[in-house]
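A.B. asks: If you scroll down you'll find the structure; I have some questions about it.
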Amino acid sequence: MHEMSIALGILAAVEDAFRSTPGAKRVTRIRLRVGVLSLIDVEALRFALRVASRGTPAEDAEIEVEMAEPRFRCRVCGYEWKPSREETERLTGNPEISTLVHIDPDVLPRFLQCPRCGARDVEVVQGTGVMLHSVDIETGEDEERGVQL
């Protein structure tokens, strides 16, 4: 399961934040940003995090997931845009494209074209991958500390 390897990486970063927080008792909340174009199964990721966190300070932590909409930038004219729903569906709904992007997100720009100048030299600014946004850590009685990552 691809999501399990992602969950293990997230959990390692959460545990680093926990260890670097003085007086840390337990992790209460994990906030993630998941790119729409990453094609990550969010429920599978939540499940993997719950399983991987058993016996750790993050066990029973609330898991919040924010979906990051895609944004692209043309390297020729500098135009930045959010794709239309149709363009997003074309990228995520086509099995050939979505499989390639899921395996290697770096191929995504090959399927893009700047709507302003028509150039195909496009970069993905947002919308792929998974990012640990923040971790809330209980440090004492009625005290919680947020760690922004």
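First residue shown is number 1, and so on along the chain.
In case you wondered, yes, glycine gets a Cβ from its N, Cα and C as well.
According to TrEMBL, the protein carries these features:
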BINDING   H2  Ni(2+) binding site
BINDING   C74, C77, C114, C117  Zn(2+) binding site
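A description of the local structural setting of each listed feature is requested, covering burial, neighbours and distances.
C.D. replies: Proximity of H2 (Ni(2+) binding site) to non-local residues of its own chain (separation of 6 or more, Cβ distance below 8 Å) is seen for I40, H102, given in sequence order.
Sequence-distant neighbours of C114 (Zn(2+) binding site) (same chain, 6+ apart, CB under 8 A from its CB) are F72, C74, V76, C77, Y79, R120, D121, V122.
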A.B. asks: So, in DSSP terms, is C74 (Zn(2+) binding site) helix, strand, or coil?
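C.D. replies: Where C74 (Zn(2+) binding site) sits, the three-state DSSP reduction gives strand.
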A.B. asks: For the Zn(2+) site (C74, C77, C114, C117), what does the 8 A shell look like? I mean other same-chain residues with CB within 8 A of the CB centroid.
C.D. replies: R75, V76, G78, Y79, P115, R116, G118, A119, D121, V122
A.B. asks: Look up H2 (Ni(2+) binding site) in the DSSP assignment and reduce it to helix, strand or coil.
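C.D. replies: Helix, per DSSP.
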